[in-house]
Amino acid sequence: MDQRVFWVFASAVCLLSLTLHSSSGQTYPLTDDGGLGRVFDGIGGLSGGGATSRLLVNYAEPYRSQILDYLFKPNFGASLHILKVEIGGDAQTTDGTEASHMHYENDENYFRGYEWWLMKEAKKRNPNITLIALPWAFPGWVGRGKNWPYDFPDVTAAYVVNWVIGAKKYHDLDIQYIGIWNERTFDSKYIKLLRYTLDKTGLESVRIVASDNLWEPITVSLMLDPELSSAVDVIGAHYPGTTTVPQALTTKKKLWSSEDYSTFNNEVGGGCWARILNQNYVNGQMTATISWNLVASYYEELPFGRDGLMTAQEPWSGNYVVESPIWITAHSTQFTQPGWTYLQTVGHFAQGGSYVALTDGYGNLTVVIETMTHDHSICIRPPLPPFNVTSQNATFQLKGSFASIKELQVWRSHFDFKAKKHSLFEKLPPVKLVDGSFTLNLAEDEVYTLTTIRTGQKGSFPEPPPSARFPKAYKDNFDIRNPPFSEAPNFADQTGVFEYYINLTDPGPHAFTLRQVVMERPITWATDADQTISVVGDYQWQDMVVTCDVFMENVKSGGVFVAARVDKGGQSVRSAMGVFFWVFADGSYKVTNDLAGQSVLAEGLSGTRPFDWHNLSLSVKGQSASGMVDGRQLWKVTGVSSPKNGWAAIGTHSFELAQFDNFNVLAE
């Protein structure tokens, strides 16, 4: 029996408590007298923005299904209400690129990438899950030569609506919300045109979230422009710090934290998530909170490593980790549903911490409490102002339609940062109410759920396999006739898109290859490199041999590379260093210490030409490196002192078509 919960037995008229506390505490009413608060829209996770679920698809069964169960299965783990995905735009959008459904204007393919698969897996587990989509970036053709997607709003609207139509036509997925986001501003003309385009194609039920970034200037614009206001259903903010602005409340629109968290998923990350899940409503009246990201399923050394609700970054070993944010999520998601309503009686405790209460309108009540201290609940952004939380007694008095409740189920998480022993989502004995009242002795760094709902469960599976490094010997010939995904396992595209390709003109040994398909710089807020690149392997690799067959398709300026010790990716990819061995269609080669190709270590003639297969081999050991083409050594250099470690990689000199086959890496 827990030592922090005590109750009153009316028949004995005596107080039973296993923990004595000198403070008399405060009394907090929970009532629907006088009406209710805002309607709850749910808690969710975000896949994309970008490529954050990249490695998840490569997990073998049963581990992949187990991960999905922890995320989506009702009454099991996080039991998420919302899944938000990226509409791939062929562009770097934080941790990698995601393929567009329209690489080119006359191209449509609704089977690229893995977001379709992920949405279907989420729906399979929770048919009622809310699906939201947002384009972080766009293929270059959408901008008609400009790095801006809204100068031709009809083109952009058609591009987005095509994706929504494709989701239904090819995958039977009903997208309920479309987000509109750009780092610089929002475009009211585009929003109105998107609403018009959705409506005229029979998608009146698809709602718009804007600006899916900041509270301003969208809120003022909504108040001044009735047509814009009628087009927008939800005002979404990113990383709002649990606060909103008065104008947003005045609009009477739904307010969401449409991207939040983005914090390393240790126990402090769990504390961050606990605090904002409650206080986004208490402080900011936000009725949905969506975590970036859903699952940390990308190489940890990329930007924002392990900033997901759980960690699944080792498909080669099968290892995954159910982190604390999963169970913090469960405190809310397993005992509420979208459509429930917040009580007006929510708020902060006298000694710090917060509480929310929700009802389904049919007699059920769920109360979620958090007492996270400042240093144990810091999120990555924005800066957290100082505040204090201390242990306290809190008495709750149920009134109105809840006055007759006699018993509440109790779930508790306790973070013990001193002993480093944390108990997460534990079921405790029910609390008995007398005259609608109960009292809790709240310690620091705790989360409680008290609820009439009895279906909560802390799901579990046998321990997954132990963690292991990426295999030192790795090869892929890309010979898959009907690949389940368009990407090759474990390759993480950082600029450009590398897809499986069937070479109908060459039924020989290179009939099945990996092809870089982006031919024009995409429109993106992040900084793509001028070269395309896909990384693979173990970031700690130092000495290795990388070999690959390459095929250039650009006659005049074609170029491809293999690389070792690549030290950067994600939004930092432009400044990536390593050892890059380039060959070009004009018969030359170059060796550089950087992806940008400015730090030249060696150069000369290679004999390479376009539309012919060549085998490249790059060997790096200590401070020495050497390279071969078609079995002939071309160069050898010494003094390669930096970087000391990094991934293997393949790529192209520009946004151009090129093919790769028989990739092989052997690391020491």
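Glycine is no exception: its Cβ is also placed from the backbone N, Cα and C atoms.
According to TrEMBL, the protein has these features:
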- 1-25: signal peptide (SIGNAL)
- 40-334: domain 'Glycosyl hydrolase family 59 catalytic' (DOMAIN)
- Glu183: active site, proton donor/acceptor (ACT_SITE)
- Glu259: active site, nucleophile (ACT_SITE)
- 342-457: domain 'Glycosyl hydrolase family 59 central' (DOMAIN)
- 493-667: domain 'Glycosyl hydrolase family 59 C-terminal lectin' (DOMAIN)
Exercise for review: Only counting partners 6 or more residues apart, tell me which same-chain residues put their Cβ under 8 Å from the Cβ of Glu259 (active site, nucleophile).
Suggested key: Leu46, Gly49, Asp212, Gly236, His238, Tyr239, Ile290, Trp292
Revision key, fill the gap. When pLDDT is averaged across the domain 'Glycosyl hydrolase family 59 central' (342-457), the result is 98
Exercise for review: For the domain 'Glycosyl hydrolase family 59 central' (342-457), jot down how many residues DSSP puts in helix, in strand and in coil.
Suggested key: 6 helix, 58 strand, 52 coil
